[in-house]
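Input: a single structure, listed below in structure tokens.
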Amino acid sequence: MPSVLSSYTVAGQHRVFRPSLSLPPRPPSALFLLADDLAQEMEDVDFEEEEEEEEGNDEGWVLEPQEGVVGSMEGPDDSEVTFALHSASVFCVSLDPKTNTLAVTGGEDDKAFVWRLSDGELLFECAGHKDSVTCAGFSHDSTLVATGDMSGLLKVWQVETKEEVWSFEAGDLEWMEWHPRAPVLLAGTADGNTWMWKVPNGDCKTFQGPNCPATCGRVLPDGKRAVVGYEDGTIRIWDLKQGNPIHVLKGTEGHQGPLTCVATNQDGSLILTGSVDCQAKLVSATTGKVVGVFRPETVASQPSLGEGEESESNSVESLGFCSVMPLAAVGYLDGTLAIYDLSTQTLRHQCQHQSGIVQLLWEAGTAVVYTCSLDGVVRLWDARTGRLLTDYRGHTAEILDFALSKDASLVVTTSGDHKAKVFCVQRPDR
């Protein structure tokens, strides 16, 4: 398989490969037909809640700086723990939501591991994948962990017993997410379908989209709806119980290129979508109407670029809502972090990175936004002032994913240098 940052073309757009977003299209799978037979059994899914972790084996971790790692960005290592069991680029990371003591990582080596944040101790390997593991995450109660590879093989383990309890082959995988309050797993595939399974009994429902990849998706906070973005620029808000689209945004309401990311605010009333067309659209989850459009300003007005060239050289890579102020953050491939004021729908701050932004996350309860980028650095920004608060270094290649603990004391990163790292976040205002 090519390097994680190899490029490819989707719908006429030249893209940098990102495992959690658009993948090269392949022939649709016929496996979704199996799901329709089980659809009726999902009607009584109870979206409610529960428990967590333990035990171990030891290798695969290194404390503090290391020599001889793959990559070109040498320098100080600010990390507390380095997990080094992967033998290729590490694509994804997720923390267990109940205790924030465990991480699961997946990589280009076709492997996924569950390990302890405090010392990097391996708890168990999520074995059996035969393609790059691009999605991984814990259930709402931390009792289950799911992993998914590019070929569409999904597996679920019980964390306490370390036993595999469910698996399914769904076709080329684009994204995967657990339901926020139930043992229900959702995933989007390259054939345009969104799947929903009750785990571990396997009851299944499919939500059939257009005949193109379902490139990103998110369950709304009410647990009853999900928003899914597609490669053709359309957006659908699905009723998870009834199985029908409540709203469909297409044409001028949708995007003019493949969607790359989607986010919702805390109460689920607003949705933010991002695309390779360089636009972020603010959508009312209730009405399905676009209530705002954000475009890059100084970035977009590069005089030597025509319109088509601009959208090829830049795109929205990540976005999210602040939980304490009416602010939204949008991260672009050209390295721009834009902070928008939702009440006035104006650009409040523009923060420049030296290389492309891969992902951003807001810290809960504050106006601090975290970014990770292709230069291998995690940065913390004060969204009220646009000021850089601090940065954390240690990777010798691009950061491909990161996660933030609930109390924002730890940042966990994964990288093209084959490592995952744990950084202790220290700020003077804590």
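Using the three backbone atoms N, Cα and C, a Cβ is placed for every residue, glycine included.
In terms of DSSP secondary structure, the repeat 'WD' (83-125) contains 0 helix, 22 strand, 21 coil. According to TrEMBL, the feature repeat 'WD' maps to 83-125 (among others).
Here TrEMBL flags 126-167 (among others) as repeat 'WD'.
For 221-248 (among others), the entry in TrEMBL reads repeat 'WD'. Mean pLDDT across the repeat 'WD' (221-248) comes to 97 in this model.
Taken through DSSP, the repeat 'WD' (252-293) splits into 0 helix, 21 strand, 21 coil. Marked as repeat 'WD' by TrEMBL: 252-293 (among others).
Residues or ranges marked as repeat 'WD' by TrEMBL: 350-391 (among others). Taking Cβ pairs closer than 8 Å, the repeat 'WD' (350-391) reaches residues 5, 16, 18, 71, 73, 297-299, 317-325, 327, 329, 331-339, 397-404, 406, 408, 411, 413, 415, 417, 423, 425, 427 in its own chain, all 6 or more past its ends.
Marked as repeat 'WD' by TrEMBL: 392-430 (among others).
Counting residues per DSSP class in helix, strand and coil order gives 0 helix, 15 strand, 13 coil for the repeat 'WD' (221-248).
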